[in-house]
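Novice: Right, I'll just put the structure down here and ask away after.
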Amino acid sequence: MSKISIAIDGPASAGKSTVAKILAKDLGYIYLDTGAMYRAITYAALKSNCDLASEEAIAKLLPTTMITFKQTEQGQLVFINDEDVTEAIRKPDVTNAVSQVAAQAAVRTDLVRRQRAFGEEGGIVMDGRDIGTAVLPNAEVKIFLVASVVERAERRYKENIENGIETDFETLKKEIEDRDYKDTTRKISPLVQAEDAVKIDTTGMGIAEVVSAIKDQVTLKMDKKR
Ligand code: CDP
Ligand code: CDP
């Protein structure tokens, strides 16, 4: 049976990458974390002391910033050229700057081109903000994952505790709200539900329940294709 493309979009901490990874594994598909690519460019910009407001300076970094993913027993690792940046791109300095960098035209054009190349053959689960609207507009299954901001902040808070990171809940919630605001109001490919996407409100839902709801959509699509 031919492999389809699955686009998962939604705001910060809605559970996109967690469910996308499980889904890809279960289906034997590739998983592409597009947020990690925006984070990687932001990390490279911070490392070279770029003025983050200068589109020109960041555009110059793009051709030399090769981003690759490596599957390991511990999960997916992210590299910039030969440097393992898996942990560094999740640090607060990157998290708080990424939406500014991701709003820039040169960055989006370049990364969307790279993301489409990954998805050419189908058999992919991609998560981000503009997958169903801009990167894979022909994806067979499009999911828009949401959850209340309080629940999303609680999920991140718990995740941080599990990783031994102390955070203030209200600060975390505000950071999520700020990033959502920047992502939904930017000019190019803002975060918006694609017309043909299925919205799943995951407030109060466990991970397995969300994965199962998406699999129902995949089965529906596969049955129609048969
Ligand atoms: O996992 P989390 O929700 O923290 O965010 P992410 O998926 O790692 O994405 C980080 C940031 O990259 C987002 O807040 C967006 O500004 C940007 N992004 C984007 O603009 N387009 C995408 N397809 C994916 C991420
Ligand atoms: O990729 P995105 O920013 O949308 O979210 P994530 O990093 O996949 O999920 C954020 C946190 O919420 C993780 O610790 C997940 O384990 C957790 N989560 C959850 O508790 N319940 C769900 N239904 C989905 C995710």
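Glycine residues also receive a Cβ, built from the backbone N, Cα and C atoms like all the rest.
Pulled the feature table from TrEMBL, pasting it below:
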{"type": "BINDING", "residues": "Gly10, Pro11, Ala12, Ser13, Ala14, Gly15, Lys16, Ser17, Thr18", "note": "ATP binding site"}
{"type": "DOMAIN", "residues": "6-218", "note": "domain 'Cytidylate kinase'"}
Novice: Out of the binding-site residues I have (Ala12, Ala14, Thr18), which ones have their Cβ sitting under 6 Å from ligand 1?
Specialist: Ala12
Novice: Rank the binding-site residues Ala12, Ala14 by the number of other Cβ atoms within 10 Å of each Cβ and report the first-ranked residue.
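Specialist: The residue with the most neighbouring Cβ atoms within 10 Å is Ala14.
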Novice: Please work out the mean pLDDT for the residues of the domain 'Cytidylate kinase' (6-218).
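Specialist: Mean model confidence (pLDDT) across the domain 'Cytidylate kinase' (6-218) is 96.
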Novice: What are the sequence-distant neighbours of Lys16 (ATP binding site), meaning same chain, six or more residues apart, C-beta distance under 8 angstroms?
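Specialist: Counting only residues 6 or more apart in sequence, the Cβ neighbours of Lys16 (ATP binding site) under 8 Å are Ile8, Asp9, Gly10, Asp127, Gly128, Leu145.
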Novice: Which of the listed binding-site residues (Gly10, Thr18) has the least company, meaning the fewest other Cβ atoms within 10 Å of its Cβ?
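Specialist: Least crowded of the binding-site residues Gly10, Thr18, by Cβ count within 10 Å, is Thr18.
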